[in-house]
């Protein structure tokens, strides 16, 4: 406060007024005669809305009664309303929310679902003042700890590892620690800690020794509390398979597979077939009684009766005890008599055409294959018209028939140490294909026709190479040939004459030759007519031009001679006409008017006449502004740099020429002086004086202020033989 007293008045000034400064102030005045008067002043101070030290976030423990603090003051006392998820919180019957007299919000048995942002809104209606503060409510959930496996077995001295896994949840995320014998474990070479997603914490114990057995505890801790679970590691000597070997058996015989294992306690042994996952244990005889297992004192024997090829493959022996297991695999190999893989035993060919007869065999061990012809063995080197090609599991006999004697039966013999098998092949003479049928004509126009037909019933023993389509005009004797693409049964005839009757027939061709022709069909091409209207598409050209794209449609059987393009503005009556050659695929309309709509009528003409017109409209935009940016926008970077360098070079030349004439300096002056000095040295001064030749120097005049004049006036100086000087104005000035 500050008191200022003057002659006739006194002022009391209160700086930074607070609520406590409100009240009644009395001013008392006493005159010289001792008479006293006083006056009272009532000072009211209103407190604006103020939130005092409102904390956000505010944390609470799951399940407790939470009181969200919102300390707000004002005078008069404010009205406080709470909001959650944009909805006002009201005190309803059995509601878990309660508004306390101190304006705080009480939440009964708060849960994670109550977590979020709450808004505390205070208002003083008398002043129309309102304010709010957002408070984040965080619910801390005590740790919940679970273990997927509580007891573990391990084998000592086998450099094995065991991983304990604790799954934790809580909010905030709990901190997990591992303990043993009351001591917290720390990361080391033997103890490895890992934290994974989903609250999974793992302790891996490496290189397990017998002393590592015992109780371990996993402890999860956060702000809301802690929880601890115990895990147990029991260390034993794990089972170990010491004997298991691969076995080879012959198809149809019996196979015996032995597996020996050791461990403490002594393990039980079981078998599993890898091909289908079927398991066999001691006492089982398996499906159909072919599999039998007998075991005793750590040894198990699997006996397979009547071995089949389906038994071929891997078998797993598993030694299992209550503290672990060990598994090893062996391979059962089955030997069997050769088996032929193909039923294709008939081949076709013709004289002079080589054919490969393939004999494919599957056998174990691999078979030796021989070819026979009429009880004679064909040697590996072959004969004049036969060759033998041997591959793994296959023997190919290449036969080139030279006469009828080369056709007939060939025998393939496959042999291994299990047995021998034979397969007979027949080499038959191929024939030409039979004739195609159901010849049909479609899509017949003035110049084109499409021929379709059905494949022949017989290909003659060898694949069809292509189809030959022949056609001619009725009355003509000259057939024209068209080959199909590969073995497609559709052929398009081109280059036909309009309004003409044709005959067509089809034959199939294979390696043997051409078969018979089909029944001859007759068709007539369409007569010549006017062309169809052209299709049109357009796009802006350069400047005041427009490009019309012309797409030829049906030409009516004769080439398009020309396109007649008529165009005008939508405000004019008179058409402008442009003739475009029929070979062109566009028409350029120019010059056109800016900001104008145009109508176009395009007609195609052939020798028969005119097509129906095609109508088209387009709009020319407003004239574009030409700016420096638009001028250079079409130039590349190299062109712009080149223009810049050219302008700079021109400027340097102009400066050098100006210096030559005005200052007698510059590159041009140096070149001139150099040339003049060379000329003088060559001719000699004495000779020039004796002969009376004058040297002329054109010097620029100077103004009175000493500056060189820019006018072209010069003084001519003549040097005569008597060394006298005479001057006169330049004749050019006269």
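Glycine is no exception: its Cβ is also placed from the backbone N, Cα and C atoms.
Annotation source TrEMBL lists domain 'Ig-like' at 47-131 (among others).
Secondary structure of the domain 'Ig-like' (142-232), assigned with DSSP and counted as helix (H, G, I), strand (E, B) and coil, comes to 6 helix, 58 strand, 27 coil. Look at TrEMBL and you will find 142-232 (among others) tagged as domain 'Ig-like'.
The feature domain 'Ig-like' is assigned by TrEMBL to 239-333 (among others).
Taken from TrEMBL, the feature domain 'Ig-like' covers 338-428 (among others). If you take every residue in the domain 'Ig-like' (338-428) and average the pLDDT, you get 92.
Per TrEMBL, domain 'Fibronectin type-III' is recorded for 435-528 (among others).
Feature annotation from TrEMBL assigns domain 'Fibronectin type-III' to 530-625 (among others).
If you look up TrEMBL, you'll see 631-654 marked as transmembrane segment.
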Between the stretches 142-232, 239-333, 338-428, 435-528, 530-625, which wins on the count of C-beta pairs under 8 angstroms to the domain 'Ig-like' (47-131)?
142-232
With pairs fewer than 6 apart in sequence excluded, do the domain 'Ig-like' (142-232) and the domain 'Ig-like' (338-428) have three or more C-beta pairs that lie under 8 Å?
no
